[in-house]
2 protein chains.
Amino acid sequence: MNETPGADSFAELKRRQQVTDPHSEVVHFPASEGLPLDSGAVLAPFSVAYQTYGTLNADKSNLVLVCHALTGDQHVANPHPVTGKPGWWETMVGPGKPIDTDRYFVLCPNVIGGCMGSTGPSSLNPVTGRPYGPDFPVITLRDMVRAQARLLDHLGVEQALSVIGGSMGGMQVLEWAATYKDRVFSAIPIACAARHSSQNIAFHEVGRQAVMADPDWCGGHYLEEGKNPRKGLAVARMAAHITYLSDRALHTKFGRNLQDREEVTFGFDADFQVESYLRHQGMSFVDRFDANSYLYITRAMDYFDLAADHGGVLANAFAGTKTRFCLISFTSDWLFPTEESREVVHALNAVAANVSFVEIESNKGHDAFLLHEPELFDTVRGFLSAAARRRGLDDASTGS
Amino acid sequence: MNETPGADSFAELKRRQQVTDPHSEVVHFPASEGLPLDSGAVLAPFSVAYQTYGTLNADKSNLVLVCHALTGDQHVANPHPVTGKPGWWETMVGPGKPIDTDRYFVLCPNVIGGCMGSTGPSSLNPVTGRPYGPDFPVITLRDMVRAQARLLDHLGVEQALSVIGGSMGGMQVLEWAATYKDRVFSAIPIACAARHSSQNIAFHEVGRQAVMADPDWCGGHYLEEGKNPRKGLAVARMAAHITYLSDRALHTKFGRNLQDREEVTFGFDADFQVESYLRHQGMSFVDRFDANSYLYITRAMDYFDLAADHGGVLANAFAGTKTRFCLISFTSDWLFPTEESREVVHALNAVAANVSFVEIESNKGHDAFLLHEPELFDTVRGFLSAAARRRGLDDASTGS
């Protein structure tokens, strides 16, 4: 309603702030302790929201840092404050789980650029007192990792027992291992790559264009305008979601099954189950995610190219590493095919790193890292236990 | 401008009509000779626009019917009247080419539902005197083929020497062979399948949602409103275009190369060549294609399931066939993987049909059928020559 733009703006902003104010711990770094970014800008002040599970032991040696994926957040193993759904990795993290919170202290921060409490484009710009929107600086995965390192400093943790994550989380793991060699005792990059491929950039660009094509995006100023580019963001999510599954998974799950009907309707309703499923994925996503965060985080992934950052030679990124690596890929993942993990393994081999690599047979596509995959659980549990033993931890010395 | 809706509507309609009035032959079937549709509706009157190349011989036995793909049209081997670009299959069709217009009479009709002269959603609805828009009946590939059969009747051609096409064109070839067994002497379905997969339906649904999310779609009535959902259609085209290429093709063509710059800009411009390329694909497409046609034709493809139309057994579709088949697929085509052509081959084997099958090694993805693929050209040339000889044609009896 044009008569009361302010009221609408603030109503929307309030709704947003509920989303961006989950029940997480938040560390606020003051303007004097800003975050230098790869772009040359400085993000100041900035905040990092995070969840923890388990107990940090006396010598602070049992921390497992979980890095979340593009549309994930810090709510790894508790009900999500917005959706009420279980945490995104409850199969992996918890008492007696592969990442056993009886033994390890698990930390998951929301990435900067995100919308769940860490500073991002929906945060207030201290210069204007309005949401950053499109004035938020473009960030990189290294910037995200740099913010996480600051969080570890704040918690007084010098070295993580392990850094683990899938997809964009896995890319952050690689960035951690490259940038903070002494702070990563072991690393578990899952379903990822050392650079974002041309095809992946292409899919991201489609998503961004879908958001920006929505007039309710308002040039990025939708919060101030009291609007929300729901339709555009839903289309972006739908396109991306297809890439998270495999052709086989879609065939098995939906095939050409019709949705609650015997015959096609000769219309544009969701005749097929797969259409209904995708529409639901799109619409439920926009309730919990900020459109500008989607733009900024996809951009950060596109920019990721670890070899380019190290003179064009991927092995250089890992020169001198003492980190123990365990890479995991899935056979049906066409977003981050096994071949791309293998390239990282070759680079690690070239610097004589301690590395193991498991390609898991799965027809679930990229999303396999989030799903019930016993071989994934066994691999993580085993590797992590071995790392803990090597680190000098036993059951008595951990947090339980 | 709300003051003069009429003027705007007609200006847009005129622009549209230039697009829908290419320099093609058009057969107008009067209301008394309407086209019965699978939905139960009747399209009346209806028109079919077409291009021809070469000369029909005396006994009308040298016709090669080319079926075009989703966003193709009848301009196979002449400059496109809207874009001015070469015909989409000039590598394949012409004097001395694999489909040799010195020997064969080549016919390509625009599909019904299209926007290049055949009746489609941008045509005038005789009931209202306004463009059909969303009141156009939902059509199937069989409806398209039925309209083409009417065109063959009109031209006095009982049997095509061959029916050939790639992608949706190949699906029409299969439909032709199933529905009009005596009218297809030989059939060359390329890069296609006997049904649209779950993943393919999913990508189409994303495209449709992108169009419908554009407020300028106006519930399908954009022509009457003097608008055009350009942004939505461009996003749809961008998403689809990725599926036409292979990961490898994108990597080879673009990799992570930057567009006219040395460094990334830390912004949302098209830093990468692949982004610039996709944006161009999207924007140039909307100049030549109608958004509602895109909805209707993708829907027709989604509905295609030849086995379901024949009691759930694909072989039944071809029972009693005397057609000679040559199926062609490409190794890197992930939209219509070789496996789906093989299923058609198995069905044809089950009815002891005359069938050959060639899987061509190519890294160009689905679009390989449109590109320079010497093995494709050799296969089509050889198969077609053999069919012509078997049909009793030699050089003297053909149109040249």
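Every residue gets a Cβ built from N, Cα and C, even glycine.
The following features are taken from TrEMBL:
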ACT_SITE  A:Ser167  active site, nucleophile
ACT_SITE  A:Asp333  active site
ACT_SITE  A:His366  active site
BINDING   A:Arg237, A:Asp367  substrate binding site
DOMAIN    A:63-372  domain 'AB hydrolase-1'
REGION    A:1-22  region 'Disordered'
Neighbour count (Cβ, 10 Å) for A:His366 (active site) = 25
Rounded to the nearest Å - Cα separation of A:Ser167 (active site, nucleophile) and A:His366 (active site) = 8
In the predicted model, what is the mean pLDDT computed over the domain 'AB hydrolase-1' (A:63-372)?
-> 97
Candidates A:Asp333, A:Asp367: member of the recorded positions with the richest Cβ shell (10 Å) | A:Asp333
Residues near A:Arg237 (substrate binding site) by Cβ (under 8 Å) yet at least 6 apart in sequence within the same chain, in sequence order, are A:Thr71, A:Gly207, A:Gln281, A:Gly282, A:Phe285, A:Val286, A:Phe289
Distance [Cα-Cα, Å, rounded] between A:Asp333 (active site) and A:His366 (active site) | 4
Local Cβ density at A:Ser167 (active site, nucleophile) - other Cβ atoms counted within 10 Å = 27
